[in-house]
């Protein structure tokens, strides 16, 4: 992270006319996405939920990171769930791409990692989808909330999990606990 931030500061400090050398221009150019990410990652680190941890496998690539959520209440308490977040070049006009890497029994996350979270939708009928005013902090807090207050059995992506909960809450809890023991430690 510091490397890209340092590069941005160094580039901002360059004064005077630029040379016409296209190679040096291209090495100096930083995308709008990367400029936004430097600011948003700094804000995220200050405002990260206590149940979350962010890891950047490559500190020079702020557009790709891993989020770990360790819920401290509810059905998913004591589990460790990892998400892969990739921020596309067109960010902030389009939402980040998010996938759950941990197998989970959840009404809003499929077993293959697809996630139903309205703010990750590029177009949303209810107006709660992605907007350029949203940030990575909103995404992280939204993913964290999928384990507590945004857990939604009424509008599921994993219909089988939601129906299981409606049919037998105790057996649902048992299956969630089994998945946590097998996949989320």
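Note that Cβ sites are derived from N, Cα and C of the backbone, with glycine treated the same way.
Automatic prediction, not curation, is the source of TrEMBL annotations.
Here TrEMBL flags 116 as active site, glycyl thioester intermediate.
TrEMBL lists 32-185 with the feature domain 'UBC core'.
Look at TrEMBL and you will find 1-27 tagged as region 'Disordered'.
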Stretch-averaged pLDDT - the domain 'UBC core' (32-185): 95
Those residues of the chain, 6+ apart, with a Cβ under 8 Å from that of residue 116 (active site, glycyl thioester intermediate): 108, 109, 152, 155, 156, 157
